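Engineer: For reference, Swiss-Prot lists these features for the protein:
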type    : residues                                      : note
BINDING : LYS26, 72-73, 99-100, LYS103, HIS105, 124-132 : 5-phospho-alpha-D-ribose 1-diphosphate binding site
BINDING : PHE34, PHE35, THR128, ARG156                  : orotate binding site
Amino acid sequence: MKPYQRQFIEFALSKQVLKFGEFTLKSGRKSPYFFNAGLFNTGRDLALLGRFYAEALVDSGIEFDLLFGPAYKGIPIATTTAVALAEHHDRDLPYCFNRKEAKTHGEGGNLVGSPLQGRVMLVDDVITAGTAIRESMEIIQAQGAQLAGVLISLDRQERGRGEISAIQEVERDYGCQVISIITLKELIAYLEEKPEMAEYLASVRAYREAYGI
């Protein structure tokens with residue numbers, strides 16, 4: 001586990017974005033942990049979040065020309081990641097996001113920010129069913145741009161209804177790499193380091209055995 005990944009887990013725990021216990025997911029599965037990125041909801045939270053996204057992007061080595069944040073949750077993520085790349089990595093890159101509803105006056109259209117072109121890095125909080133990614137791909141392809149990759153905060157590394165995860169489906173369908181700041185693997189490694197959190201380790205491991213990819 002890299003230092004920024006450990007720091008991100010601690011940041012998520014401190015904001016109660018990441019919780020351990022027993023939770024029922026939308027899929028009906030009982031999960032021993034829950035991640036709600038919507039609780040990163042202050043200026044300082046967003047500034048820090050952008051630094052973690054930027055770190056993961058630089059670490060990945062993937063080449064891209066523009067950041068795209070799908071409405072709605074992806075919008076602040078793309079914005080803060082663009083700021084962090086410029087301030088901390090000397091990479092001043094354009095960013096763009098979409099509107100859910102096309103504007104009929106003024107500048108018009110359903111895209112805001114830089115022109116959507118070149119190699120696009122899509123940033124979002126998580127991938128659950130991959131629906132938002134598919135909708136974004138239609139927008140990206142309509143502009144003649146290419147998807148360079150997808151970056152999310154957490155990869156749960158678990159199967160969907162079939163034998164592979166929603167993330168693996170996205171990688172298969174669009175031929176792109178999906179990267180994340182952390183995965184279930186790092187969460188387990190973190191729990192293994194923390195004796196005071198040992199009570200959660202067995203249930204998280206059991207969950208991985210049942211649903212892991």
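Positions of Cβ are set from backbone N, Cα and C atoms, glycine also.
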Engineer: Please report how many Å separate the Cα atom of THR131 (5-phospho-alpha-D-ribose 1-diphosphate binding site) from that of PHE35 (orotate binding site), as a whole number.
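Structural biologist: So the Cα of PHE35 (orotate binding site) lies 19 Å away from that of THR131 (5-phospho-alpha-D-ribose 1-diphosphate binding site).
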Engineer: An 8 Å radius from the center of the PHE34, PHE35, THR128, ARG156 Cβ atoms defines the neighbourhood of the orotate site; name the other residues of that chain inside it, in order.
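Structural biologist: Output for this site, in sequence order: LEU25, SER31, TYR33, ASN36, VAL126, LEU154.
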Engineer: How long is the line from the C-alpha of ILE127 (5-phospho-alpha-D-ribose 1-diphosphate binding site) to the C-alpha of ARG156 (orotate binding site), rounded to the nearest angstrom?
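Structural biologist: So the alpha carbons of ILE127 (5-phospho-alpha-D-ribose 1-diphosphate binding site) and ARG156 (orotate binding site) sit roughly 9 Å from each other.
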Engineer: PHE34 (orotate binding site) to LYS26 (5-phospho-alpha-D-ribose 1-diphosphate binding site): how many Å between their Cα atoms?
Structural biologist: 11
Engineer: I'd like the number of other C-beta atoms within 10 A of the C-beta of ILE127 (5-phospho-alpha-D-ribose 1-diphosphate binding site), please.
Structural biologist: 21
Engineer: Using other CB atoms within 10 angstroms as the count, which residue among the binding-site residues THR128, THR131 scores least?
Structural biologist: THR131
Engineer: To the nearest Å, how far is the Cα of ARG156 (orotate binding site) from the Cα of LYS26 (5-phospho-alpha-D-ribose 1-diphosphate binding site)?
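Structural biologist: Approximately 14 Å lies between the Cα of ARG156 (orotate binding site) and that of LYS26 (5-phospho-alpha-D-ribose 1-diphosphate binding site).
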Engineer: Among the binding-site residues listed here, LYS100, ARG156, which has the most company in the form of other Cβ atoms within 10 Å of its Cβ?
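Structural biologist: When each Cβ's neighbours within 10 Å are tallied, ARG156 tops the list.
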Engineer: Three states by DSSP: which one describes THR131 (5-phospho-alpha-D-ribose 1-diphosphate binding site)?
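Structural biologist: Reduced to three states, the DSSP call for THR131 (5-phospho-alpha-D-ribose 1-diphosphate binding site) is helix.
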Engineer: So which of the binding-site residues is most packed in, judged by how many other Cβ atoms lie within 10 Å of its Cβ, out of LYS26, LYS73?
Structural biologist: LYS73
Engineer: So, in DSSP terms, is LYS73 (5-phospho-alpha-D-ribose 1-diphosphate binding site) helix, strand, or coil?
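Structural biologist: DSSP assigns LYS73 (5-phospho-alpha-D-ribose 1-diphosphate binding site) to coil.
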Engineer: Within a 10 Å radius of its Cβ, which of these binding-site residues (PHE34, PHE35) has the fewest neighbouring Cβ atoms?
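Structural biologist: Lowest Cβ count within 10 Å among the binding-site residues (PHE34, PHE35) is PHE34.
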